[in-house]
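As recorded in Swiss-Prot, the features of this protein are as follows:
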- 1-21: region 'Disordered' (REGION)
- 50-70: transmembrane segment (TRANSMEM)
- 71-103: topological domain 'Lumenal' (TOPO_DOM)
- 104-124: transmembrane segment (TRANSMEM)
- 261-304: region 'Disordered' (REGION)
- Ser300: phosphoserine (MOD_RES)
- Ser312: phosphoserine (MOD_RES)
- 498-527: region 'Disordered' (REGION)
- 586-672: region 'Disordered' (REGION)
- Ser632: phosphoserine (MOD_RES)
- Ser634: phosphoserine (MOD_RES)
- Ser653: phosphoserine (MOD_RES)
- Ser661: phosphoserine (MOD_RES)
- Ser670: phosphoserine (MOD_RES)
- Ser680: phosphoserine (MOD_RES)
- Ser739: phosphoserine (MOD_RES)
- 775-800: region 'Disordered' (REGION)
- Thr803: phosphothreonine (MOD_RES)
- 803-947: nucleoside 3',5'-cyclic phosphate 1 binding site (BINDING)
- 855-882: region 'Disordered' (REGION)
- 943-1074: nucleoside 3',5'-cyclic phosphate 2 binding site (BINDING)
- 1373-1537: domain 'PNPLA' (DOMAIN)
- 1404-1408: motif 'GXSXG' (MOTIF)
- Ser1406: active site, nucleophile (ACT_SITE)
Amino acid sequence: MRSMNCTTNNTNNTGQNTKNSLGSSFNSSNYTSYRFQTCLTDQIISEAQTWSLSSLFNFSWVVSYFVMGASRMIFRYGWYLATLSLLRIPKWIFFKLHHVQFTLSFWLILFALAVIVFVTYTIMKERILSQYKRLTPEFLPLENTGKSGSSANINAASTQSANAPPAIGSSTTGASSIIDSKKHSLKDGNENETFLSSYLDQFLSAIKIFGYLEKPVFHDLTKNMKTQKMDEGEILLLDSTIGFAIVVEGTLQLYHEVDHSDKDHGDETDHSDTDGLDDQDRDEEDEEEDDDIDNYDTKSCSSNLIDEEDESVGYIHLKNGLGNFQLLNTVKPGNPLTSLVSILNLFTHSMSSYGNSNFPSELSSPIDTTVSVNNMFCSSEQNFSNTDSMTNSTNSFPTFPSSMPKLVARAATDCTIGIIPPQSFAKLTAKYPRSASHIIQMVLTKLYHVTFQTAHDYLGLTKEIMDIEVLLNKSIVYELPYYLKEAVIRKFKTVDKSSGSADLEPKPKNSNASSKLKKPPKAKPSDGIIQSLKIANANANTSSNSLSLKPEFTHHPSSRHVVLGSRDQFNPGDLLSNVPLSRTMDILSPNPIHNNNRNKSNGINTSTSNQHKRSSRSSSNNASVHSKKFSSLSPELRNAQLSTSPLSLDNTSVHDHIHPSPVHLKGRVSPRPNLLPTTSFSAAQEETEDSALRMALVEAMLTYLGVNKSNMSVSSSSIANMSSLNSPQLNEMYSRRPSNASFLMSPHCTPSDISVASSFASPQTQPTMLRILPKEYTISNKRHNKSKSQDKKKPRAYKEELTPNLDFEDVKKDFAQGIQLKFFKKGTTIVEQNARGKGLFYIISGKVNVTTNSSSSVVSSMSKPEQVSAQSSHKGENPHHTQHLLYSVGSGGIVGYLSSLIGYKSFVNIVAKSDVYVGFLSSATLERLFDKYFLIYLRISDSLTKLLSSRLLKLDHALEWVHLRASETLFSQGDSANGIYVVLNGRLRQLQQQSLSNSNTSSEEVETQNIILGELAQGESFGEVEVLTAMNRYSTIVAVRDSELARIPRTLFELLALEHPSIMIRVSRLVAKKIVGDRTVPALTGDPLSIKENDFTSLIPPTKASYSSSLSHKPQNITSGTITFRTITILPITSGLPVEAFAMKLVQAFKQVGRTTIGLNQRTTLTHLGRHAFDRLSKLKQSGYFAELEEMYQTVVYISDTPVKSNWTRTCIAQGDCILLLADARSPSAEIGEYEKLLLNSKTTARTELILLHPERYVEPGLTHKWLRYRPWVHSHHHIQFSLTGTTLMNEGKMHVLNNGALALMDKLIQTEFSRKTQQNISKLLPDSIKNTVENFSSRFMKSKRQYYTPVHRHKNDFLRLARILSGQAIGLVLGGGGARGISHLGVIQAIEEQGIPVDVIGGTSIGSFVGGLYAKDYDLVPIYGRVKKFAGRISSIWRMLTDLTWPVTSYTTGHEFNRGIWKTFGDTRIEDFWIQYYCNSTNITDSVQEIHSFGYAWRYIRASMSLAGLLPPLEENGSMLLDGGYVDNLPVTEMRARGCQTIFAVDVGSADDRTPMEYGDSLNGFWIIFNRWNPFSSHPNIPNMAEIQVRLGYVASVNALEKAKNTPGVVYVRPPIEEYATLDFSKFEEIYHVGVDYGRIFLQGLIDDDKMPYIPGSQETTLNSQVPEFLLHRRNSI
């Protein structure tokens, strides 16, 4: 169209141009050509567009045409086909069939039906009826387990599982990684470490014995430390001038002098005619003791100690007659050379060197070191000579005197020792006295635990230890005046003495004097008794001349008035005993005439006045110290026998020459009236008889403790020490240059290393002398100081807390307030052996016997008294001990000295020989006062070290204190046995590495596994067998938690065996008893030597394949065999769980099962620590407190009730032998909680058990597996019913973040209100029939809350069950196999429930595994009765068995119906979902082993345990074939015993074993066998056929195991009369059930009537009464 327009326009333009003039023709032509070109282009474009549009239209028209045609054709032909197939063809077929007839045979129809039924059944069986086949175990590699977890800590957790091996008798491959990775704690350090790191590690390891040290204290103690290198073979003389020596590198051998003086040791303990000690009442057994052994010549037998195979030298001989030395110990790096007593001497010598000691300095050292330093060693000029000038020739030896130290150390290799000089301890004592007292307290505790406790418990040297108190009583006799004794007796006569003992305690208020004593007033004591004691204490250190004076013996009259001291005149009422008198005391006048004049002036009778005067003078001058026996005393006082001290210089005895004790100088009285101070008393400060008595008792006890006025002033002593330390002489000695003491290291006079830095210098360089001036010498500009102080903040100075009024008078007042007067009747046991010491007793009047228990059992002395009493009380027996008299103590003596020093247990019994009156200071009072007046520890250590005999000193030098951290290895299997170990505190695990014989592995690659032999708790010993037999270690010892041990070196043991053969006999009995005990339970040890003959059960031990059924989970539900956990930690997985409420129930359950138990939370610990709760000493105080609690209680429960980052939570984890992880079983997620992560990071090897808390007694199938799947560090688990009402809402609020605040509250209110109203409306409107129908219909499709049956029987308390399991007192039920005869198990279980007998663990075989599994699942008889009956009906159905028949190649049946019957009973439940612990056994015919199943789907392993050969095919499990467990052990009692069950009820329903003897000759004819069976007149028994022989052959091992189970201790064997029933008589369910019920009732009632029923812990109504409640719930004050 556009082209036409262009043409028209062109024509019009042309006509118009023609009409125009011709002049414009040229322009018109140009314009026409342009327009023509434009129109032509537009025309071309228009034509192209028109063509494309027309083409598109044509294509769409063609497509629509074909689509419409095709659809029409499809519809037409589809309709035709539909009518053809639906109408025409059926119509044609109908008409055709209506006229056609055909015939099919019956067999063809039957065959077609059979094919259809077979196909249908196969489809149904594979799709619907075989759902149980999906419940197969999932096998995952152990290394991939951690990667599949949802938590980020799974890998760390899987690594941690290696640190937590399973229990006794089980094997693990993870534990080997620990032993390989852990460094041997007693070996040398790594060779790749530098010397500096090794030096620091060894040094820090050695000073652990000091406890915690503040940084300034540590700096002052170690800033003068030196190092000394020694070549191999050099000898170091160990005397008091060295200081504290530490082996840093190399090995040193410690030697003790062997001389003939040792043969006189027997006279040391021969205490005859001792004041305060009655030796006439000793038993004749004392004379038969080791006196002959003590006289044994050690030198003559020293050659017997040398082992030819031992590389170490037994003894050495020194030249020039310096003596022979016997090897005591080999000291390795990180251990100190200095003994505990020597450490105490370092502190006490520093004080005594400045005149603060009560004893002469020449007697201060317990080791005789009389060698002069100047004569013994080279001069100082030689010390500074060059090393090149040193020569090792014998000519260069110095000339030694005849006396040598008794201890020397010989360098076994090139070694380096670090030395802290004695001056450092002197400075430390002067500058930080409280820290010094803390160190002394720590060392005293170690001395008591390591030396004394080991000597008492293990070596039986109780007499040697108690000789300390004997010597103390001999050297100090402090007798009270007779009138004070009569005053005490008079007071107690008014008290009711029917109870056998009475006490008079101080009261703050006044009370009747006849019943209670008044509190002493805050006034200074009189000058009578008290001041004469001051004379004794003051004169003890004045001069040696006064020591030789004999005391003045005077007769004490029987007057009863209080001697208040000599005064100018007497006042009216002086004859009254308790009348307060006001007086002024002047200086005591020695002139008696002056006093007589005073008396006469007052008008008093001369005779009476003289009597008072003599009494006053005698009491003031002598203070009743070392007085004679009184002639005119009351009958109660005539038993007091006093004599002079046997250690006086006039009284020479054998003992004084052998073992001089400096404490005999104390208590001497030298009348020095001019030394008495002037003391005035006002009217308000009046003294009574009570106060005088208390002050006299206090001064008597302080005298025994070594405390007097001169050594109890912290200000004077500190000032004197600091002034003396700052003197030029001492500054020169303390300067950091080589002092004379530093060159006492080597007889070659080699230069010592000055410090750590100098040790790296060249040995040829000359030692540099360092001169250091004090900081006070610096005078600097004030501006400079201010600028520095502004730039850098001054560090806070460390200051110790000191008592402001630390005075001797204040000490006496505080002690007097805590003293008590007690009375004990004759025969009363005041303190029991191995019980905690009560305190310090001062005998006022009477006598006491100090005895020890002589038990027939060697281990009884090492066992806890609580355990003996608890076990004996269950059986109605009392432990009988024969008491052996050691010595007797009379009036004026003390008892309980050693146990009261640190408040530890008593080694002896203290029994009242007669009616005895004592003054008593309790342990709590002593601890409080010792902490307040800390200088007393210096005095105690000074006195104690000088009372030790040479034998105890030898033990102290040789015994080694070993500290192990958690997971640290003590020694490994195959190491040389160099000592015996005694566990002082903590817990150890004993592992043994065994090789697995596997035919698939090559000889070069031998698989090994670690078998746990047992665990060692406090008080147990190990290593005796290896030491006695000189063999290597047969096991590896790993610390479960932080532990302390005492090591008895092999050389010391051999030396003691020669000196004391009784020690060898004692240890031999102990080893024999251990071996016999191990052989009684060979399954616990796995020792092949313990297998008896014909014991086929022991030849089939469990292997690791038996536990591979649950994601390679280890056999961690096996509890400890005979292990009882001493400490238990309750730790939640996450916060918000009721830890404290759970712990309270568990502690109460422990008490109900007969265990003395205490629960510790943070409040309890803070209450005990007091003011040390938040300082640096809290850890030290805690460790001692926890060790003490383990001694007192059988079980200590640590309750982690603090946040995860608190120190108390870490302490609970570190202290637990068994850690209970609390978890809410209903929690939707089973992720690792924050507390659990802390547990994994702590690397503890303690046993970990998971506690799943359920509100009802029901476990959802698979719930436990969800918790255990990614927790391989969990050894076992328990299901506990515990209400979580209060904590559930809290947890739900934390989990559902959106529903918080008011929205959550409104949502809950709306839901509860609407649901309640809706239910009410429905119940009103709908009839009951419709409502029930709707509810029943909806319950099938809607998940509603189920109601579970919860039994209310008391004996089924879950906390009692947990307490019995953890304490090793579990009750086990073992059900044997026997087919249909096992239905009687139901009857026996019903009888057990009727008697109220709880069941904690269930095990079974065959039908016993089925019935036991049902009972373990629900723990009630009601729901399992119907299930067992239903299963019996299915098995007895003939049609079901016929449909399960197959071609009898392997078995007669396919096992499908049997599998389905078990699966329908247990469903998807796993064994770990059972409410109580359960196991079953099976026989692995592939590996020829017995397998124990405790994890996995219940139906599979119960089916495996019931797989009777021939009837059922073996169950395939990971390539192995499992058959009935009865072929190996039809009554698995051994496994139950290994799980820690003390009482086991074993029900045997197996067929009777036919033991009829056969007689048929050497050959046998089959026809004669048939004839013999049918011959009624034949006398020959029926010969078994081949099937019977095969059956008997299969049960050979089971028969021997059954006989062994019957003879196992603690097993109650039950066998109902079911012999007449066959194995497959399941149709006789009711009959067999009633047989079991009737027999069970009769059997159990017979046990009760015959008093043979075993003790059932927790069945009694009464619980143990404890003096300390399970919780000390104190409210903590705000900080």
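Here the Cβ of each residue, glycine as well, is placed from N, Cα and C on the backbone.
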Check: Hey, does DSSP put Ala977 (nucleoside 3',5'-cyclic phosphate 2 binding site) in a helix, a strand, or just coil?
Finding: coil
Next item on the list: Return the single residue from the recorded positions list (Ser943, Ser1062, Ser1406) that has the minimum number of other CB atoms within 10 Å.
Entry: Ser1062
Check: How big is the Cα-to-Cα gap, in Å, between Tyr917 (nucleoside 3',5'-cyclic phosphate 1 binding site) and Ser1062 (nucleoside 3',5'-cyclic phosphate 2 binding site)?
Finding: 37
Check: Under 8 Å Cβ-Cβ from Leu1028 (nucleoside 3',5'-cyclic phosphate 2 binding site), six or more apart in the same chain: what's there?
Finding: Val1067, Ser1068, Val1071
Check: For Gln994 (nucleoside 3',5'-cyclic phosphate 2 binding site), which DSSP three-state class applies?
Finding: strand
Next item on the list: For the motif 'GXSXG' (1404-1408), jot down how many residues DSSP puts in helix, in strand and in coil.
Entry: 2 helix, 1 strand, 2 coil
Notebook entry, point to check: Roughly how many Å separate the Cα of Leu898 (nucleoside 3',5'-cyclic phosphate 1 binding site) from that of Ala977 (nucleoside 3',5'-cyclic phosphate 2 binding site), to the nearest whole number?
Noted result: 33
Notebook entry, point to check: What is the total of other Cβ atoms whose distance to the Cβ of Gln994 (nucleoside 3',5'-cyclic phosphate 2 binding site) is within 10 Å?
Noted result: 14
Item checked: Lowest local Cβ density among Ile1011, Leu1045, which the record lists as binding-site residues, within 10 Å -> Ile1011
Note to self: Using Cβ atoms only, which residues of the same chain lie under 8 Å from Ala977 (nucleoside 3',5'-cyclic phosphate 2 binding site) while being at least 6 residues apart in sequence?
What the structure shows: Gly1023, Glu1026, Val1027, Ala1030, Met1031, Asn1032, Arg1033, Arg1050
Checklist line | Spatial separation of Ser1406 (active site, nucleophile) from Phe841 (nucleoside 3',5'-cyclic phosphate 1 binding site) - C-alpha basis, Å | finding: 66
Next item on the list: Pop the Cα-Cα gap between Ile936 (nucleoside 3',5'-cyclic phosphate 1 binding site) and Ser1062 (nucleoside 3',5'-cyclic phosphate 2 binding site) into the table, whole Å please.
Entry: 38
Next item on the list: Compare the C-alpha of Gln994 (nucleoside 3',5'-cyclic phosphate 2 binding site) with the C-alpha of each of the recorded positions Lys822, Ile936, Ser1406, and give the closest one.
Entry: Ser1406
Notebook entry, point to check: Between Ile936 (nucleoside 3',5'-cyclic phosphate 1 binding site) and the residue listed as 'active site, nucleophile', what C-alpha distance do you get in Å?
Noted result: 71
Checklist line | Secondary structure composition of the topological domain 'Lumenal' (71-103) [DSSP: H/G/I, E/B, coil] | finding: 29 helix, 0 strand, 4 coil
Checklist line | Three-class DSSP secondary structure - Phe841 (nucleoside 3',5'-cyclic phosphate 1 binding site) | finding: strand
Checklist line | binding-site residues listed as Phe841, Tyr917, least Cβ neighbours within 10 Å | finding: Tyr917
Checklist line | Cβ-Cβ neighbours of Leu898 (nucleoside 3',5'-cyclic phosphate 1 binding site) (radius 10 Å) | finding: 21
Item checked: In three-state DSSP terms, the structure that Ser943 (nucleoside 3',5'-cyclic phosphate 2 binding site) belongs to -> helix
